[in-house]
Amino acid sequence: MNEPYIGRFAPSPTGPLHAGSLVAALASYLDARAHHGTWLVRIEDIDEGRAVPGAAEGILALLEQLGMHADGEIVWQSRRKALYQAAAERIALHTYPCGCNRREIADSRLGFAPDGAAIYPGTCRHGLAEGRSMRSLRLRVPDPGFDVISFQDRFAGEVTQRLSGESGDFVLKRADGFWAYQLAVVVDDAEQGVTDVVRGADLLDSTPRQIFLQRVLDVPTPRYLHVPVVRNELGEKLSKQTGALAVAPGDEQAAVAALSDATRFLGLQLAPVESLDAFWRAAVPAWANLLRERA
Ligand code: GLU
């Protein structure tokens, strides 16, 4: 019997799918199919300021066109705020209101977490200073010595982070009123029963914070597999900001070509194929083989 497997692809609709996000989508889809599991699609539009109108619909249409069909309903984070609110209330003893603004945090010169967020010095940990009001809601991380999170990534191997030094108390609700990615992703993965997270390595450094939050919320930790990030000639991660081109296959041949490029990037060797059906018939067992070889 196969172990239960629930995977997901969780794009932020900040622009159309490009070659980099296609690699993440493909890896999560292949992993789910190779495990005879379920593959969910969740639109991470919680940051409503960055969501681009029509981008989510474009991504969903493209996934369908490429033959990546989601199992079950598509979930939209912007419609699930009550779940995030309930989760934050449940762990209220571990959170505190923070009145600091960006400049004040940057002025503390503790440096930056790997994802670019300034490390929080803990100014408001013991209460808001006189005359300050709440801007964001933060989760208290354990003190040095008790703050090490390690996990086994299926691709990267062992990953270890010291939360107090490498992120500090992190934001669950932002100053603009939106729930933070870290909270939404953990609540959703738990609520959807996700057993396997397959995504780009740009999120490797967020994972220890997510694992810590899972422990505070008392929900299971999924397995993680972070695939390498596609970069342009300048070594930059592909994104709208770096001018990544959208994947926009005009016909089946172009769809097969886009998928074949993404599979090659993932290290799969496939004989050339003519149709989408033939592509999927070859790609799923090839991914299963790769997993066996790496095991
Ligand atoms: N929404 C995130 C992104 O598009 C991915 C989050 C995740 O897979 O955990 O970068």
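Just so you know, glycine gets a Cβ as well, placed from its N, Cα and C.
Bear in mind that the values here come from a model prediction, so they are computed numbers and not experimental data.
What TrEMBL says about this one:
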- Arg8, Phe9, Ala10, Pro11, Ser12, Glu44, Tyr181, Arg199: L-glutamate binding site (BINDING)
- Lys240: ATP binding site (BINDING)
- 8-248: domain 'Glutamyl/glutaminyl-tRNA synthetase class Ib catalytic' (DOMAIN)
- 11-21: motif ''HIGH' region' (MOTIF)
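The most crowded of the binding-site residues listed here (Arg8, Arg199) is Arg8, judged by how many other CB atoms sit within 10 Å of its own CB. Remark: secondary structure over the motif ''HIGH' region' (11-21) totals 3 helix, 1 strand, 7 coil, with classes taken from DSSP. Ligand 1 lies under 6 Å from the Cβ of none of the binding-site residues Arg8, Phe9, Tyr181.
Mean model confidence for the domain 'Glutamyl/glutaminyl-tRNA synthetase class Ib catalytic' (8-248) is a pLDDT of 93. Around Ser12 (L-glutamate binding site), taking its Cβ as the centre, 19 other Cβ atoms fall within 10 Å, counting all chains. In sequence order, Ala10, Pro11, Ser12, Pro13, Gln77, Tyr181, Ala184, Val185 constitute the residues six or more apart from Glu44 (L-glutamate binding site) in its chain with CB-CB distances below 8 Å. Neighbour counts were taken at the CB atom with a 10 A radius for the binding-site residues Phe9, Tyr181; the maximum falls on Phe9. In sequence order, Arg42, Ile43, Val185 are the residues of the same chain, not among Arg8, Phe9, Ala10, Pro11, Ser12, Glu44, Tyr181, Arg199, whose CB sits within 8 A of the CB centroid for the L-glutamate site.
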